[in-house]
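Here the structure comes first, spelled out in structure tokens, and everything after it is commentary.
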């Protein structure tokens, strides 16, 4: 029993000696409060709860200043924006006495100790608060408890683009701001000054787009599991600059189509000239189409530039088919002429009537027929036409029957055979440019 008494006494003495030391060490691990925190009574309130908890929703005003609009990506369907996001609300727990009514400004260290709105960007892919040289966060508290909370943020958000009129399109993208945890029963989010709450830097410019306007709207968003939330929208409308695509796409495609028309003025017998010209223009158009589509998303609908390029490609392709038709029809005509010459007992070239020496008894020609034929040729209905095209006219009197073979003599007649190898080329010189000009008028009247 004496041993137990001594043991209890020893523990009491040890506790009395160690307790002040332990209490002092615990006070050393706890960071001392600054004078500003003592003035704001940070430890006297639970700042994990919103202001006026259990009462009406707290109004939080928002204004935004857009610093830069960095990139617009058609492939990723998104945009990147750097902005100053400012929140305004009143928290009476932060009110403090002040003789001169001056506000106090703090950095991000105090913002982590008080209640701030939990805003996030809907449909954002990436976002971050700038931290060079320190966190770009500002907290300003007024004596009556009004708070200004400002952040400098870069955000990349989705923008669903309709590229059916590309590159003659106008796109409207939206940045959406919403509270993550607080419904409209706890937090009422609104634009502080309406449409004037959105300010933009006058130096904002994009290489491919003209910024037409910025404007704001407010709507309610519903989630089936949590409820209704206030959502703020920043809308901006962009119109694409067309001049770049005129130089890089439209003009080259138009020139290739016009170059394919040169073959209509080249003689059909110049195969080494017309065939490479057609193949070159077709391959060049294919390269232009591939280059344009390489930098575009694989959408399931037809874009305006696709219509122009593919119609131009069809015109170039048809110019190659036109020469194939000219060459084939000319070959067929020459083959028919050759067979007809072989069937005739006498073939007289009318280009030089004086050289005709045909026996009337053999060929069926008479002197009057020869003179009539010569006069007909002098009238200019055969030979070289005014446009330089090569035309051949063959006028022959054929003995349709031999009395020794058929038993009867049939009356001789005249057979007219036109061989105009350039007729298709003549029509193509007018039809192709006219059709392409009509297409351009319709195209630019629809999409411009």
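Cβ from N, Cα, C; glycine included.
TrEMBL lists 42-241 with the feature domain 'Neurotransmitter-gated ion-channel ligand-binding'.
Mapped onto DSSP helix, strand and coil, the domain 'Neurotransmitter-gated ion-channel transmembrane' (249-361) counts 86 helix, 0 strand, 27 coil. Positions annotated as domain 'Neurotransmitter-gated ion-channel transmembrane' by TrEMBL: 249-361.
Here TrEMBL flags 1-23 as signal peptide.
TrEMBL lists 242-266 (among others) with the feature transmembrane segment. With a threshold of 8 Å between CB atoms, the same-chain residues lying at least 6 positions outside the transmembrane segment (242-266) that come near it are 167-168, 208, 273-274, 277-278, 281, 284-285, 288, 292, 305, 308-309, 312, 315-316, 319-320, 322-323, 425, 428-429, 432-433, 436, 440.
Same-chain residues lying 6 or more positions outside the transmembrane segment (307-329) and placing a CB less than 8 Å from one of its CB atoms are 249-250, 253-254, 256-257, 260-261, 263-264, 268, 271, 274-275, 278-279, 281-282, 285-286, 288-289, 292, 421-422, 424-425, 428, 432, 435-436, 439, 443. The feature transmembrane segment is assigned by TrEMBL to 307-329 (among others).
Using a Cβ-Cβ cut-off under 8 Å and counting only residues 6 or more beyond its ends in the same chain, the transmembrane segment (430-447) has close neighbours at 165, 168, 254, 257, 261, 264, 304, 307-308, 311-312, 315, 318-319, 322. Per TrEMBL, transmembrane segment is recorded for 430-447 (among others).
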